[in-house]
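A short worksheet on the structure shown next.
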Amino acid sequence: MEIFYFVVFGGLAAIVAGLELSKSNKDRINTSSAFNSFKNNYLLVYSLMMAGDWLQGPYVYYLYSTYGFGKGEIGQLFIAGFGSSMLFGTIVGSLADKQGRKRASITYCITYILSCITKHSPQYKVLMVGRVLGGIATSLLFSAFESWLVAEHNKRGFEQQWLSVTFSKAIFLGNGLVAIIAGLFGNYLVDSLSLGPVAPFDAAACFLAIGMAVIISSWSENYGDPSENKDLLTQFKNAASAIASDEKIALLGAIQSLFEGSMYTFVFLWTPALSPNEEDIPHGFIFATFMLASMLGSSIVSRLLAHSSPKVESYMQIVFVISSAALMLPVVTSFLVAPSGVKGGSISFSGCIQLMGFCTFEACVGIFWPSIMKMRSQYIPEEARSTIMNFFRIPLNIFVCLVLYNVDAFPMTVMFGMCSVFLFVASILQRRLMNVAEIHKSRSQEWSAEKEMTSEADPLNP
């Protein structure tokens, strides 16, 4: 393997280690022992859930190809997964507010385990059922667990700022360290032990079962709006009304869809971008490098969230601009660096530049997740939290399905350019969100001051 990959990986590892070891008390939030116990329990469950997800990711396409399916059929399976997440996942995920977030988390485990079991069958229809189940599980993963955490955190009376600690640690572990270990473990099962491409899915099912046991034994139930007189359609109407009536929620949903849409598009494009002439690149090692870059981002954001300034609405504008520039690199290098006509070989000079840009983008992803979680906890009403969060994923899933369906219709530079534009628009919307939030805050303060003055002037008038 070329030394370039080791230099990039080693450099990122050194920076992450340096940031973590150099944290002072000013960079940490003092918390209670009761909160630490609660946080560690959630981090254990979240890490197990993410292990079950990360183990599957690198081998889904490979498994389908070993069963003899072509690119078109595999593309249809992927579209079914995102379509299922958009349609059925939105309904099932929204039930978490009414039926309970703990119950929804257990449903995620059962649904994803069943999806893993279907991977043993080479039958296309069975695999399609597995993709539908996986799509439902994905919606639950990105709504039920966070909704349970925020509600339980508030129910136990912990300080609001302490949520940032859990968010940043969850991304550092679940989306960073666990992803790297899962990638290496999956590689060990498939290549070293020669257990075949279905082995990571069996391992994922085991981790999900362990996590489900922890949830059942240690989590208490919480709800959004458990009132009996509200059916699912009413929940949808209330969620849509909340988004339409509160500009902050609408802006937050648009920002999330733009960023995550660009992120998922990047997942499909980074391999052909780094090997346009079928260069031999170490996919697993590059994936681990990306996850290390994401850990760098989550390490940085943990310091930012530990301080009252800068506010999350402020620094995220810069993050979106940087991520936009990072995904513009493939477009820039296509004009400035002459393409190589030689097939095979090692990564090109253009590929090296793009890899550095992609690592920068992954660092932005590491900053994005805890930050968007923080903003969601501030702006989304508790009674419809899961429903609104699943509403946010509808435009995302539509976008990803369109990209998958037309992935061969546009040049790669056009796709990256589109993602770059989306991220720049996200930075503009983020600035608008900051301004709207400040105006709303100042008006609330004026109203409170006016109310206090009125009560002092006329104490007999309530």
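Quick reminder: no glycine exception, Cβ is built from N, Cα and C everywhere.
Database features, via TrEMBL:
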TRANSMEM  6-22  transmembrane segment
TRANSMEM  43-62  transmembrane segment
TRANSMEM  74-96  transmembrane segment
TRANSMEM  128-150  transmembrane segment
TRANSMEM  170-189  transmembrane segment
TRANSMEM  201-220  transmembrane segment
TRANSMEM  285-306  transmembrane segment
TRANSMEM  318-341  transmembrane segment
TRANSMEM  347-369  transmembrane segment
TRANSMEM  390-407  transmembrane segment
TRANSMEM  413-433  transmembrane segment
Top stretch by Cβ pairs under 8 Å to the transmembrane segment (128-150) (candidates 170-189, 201-220, 285-306, 318-341, 390-407) is 390-407
Are there 3 or more C-beta pairs under 8 Å linking the transmembrane segment (6-22) with the transmembrane segment (390-407), counting only pairs at least 6 apart in sequence? no
Could you check if the transmembrane segment (43-62) is in contact with the transmembrane segment (170-189), meaning 3+ Cβ pairs under 8 Å among residue pairs at least 6 apart in sequence? yes
Before we move on, state whether the transmembrane segment (170-189) and the transmembrane segment (6-22) share at least 3 Cβ pairs under 8 Å, counting only pairs 6 or more apart in sequence. no
Go through 201-220, 285-306, 347-369 and flag the stretch with the largest number of C-beta pairs under 8 Å relative to the transmembrane segment (6-22). 285-306
Beyond a gap of at least 6 residues from its ends, the CB atoms lying under 8 Å from the transmembrane segment (285-306) belong to 1, 5, 8-9, 12-13, 15-16, 19-20, 23, 26-29, 58, 161, 164-165, 167-169, 171-172, 175-177, 179-180, 183-184, 270, 274, 312, 315, 355, 358-360, 362-371, 374
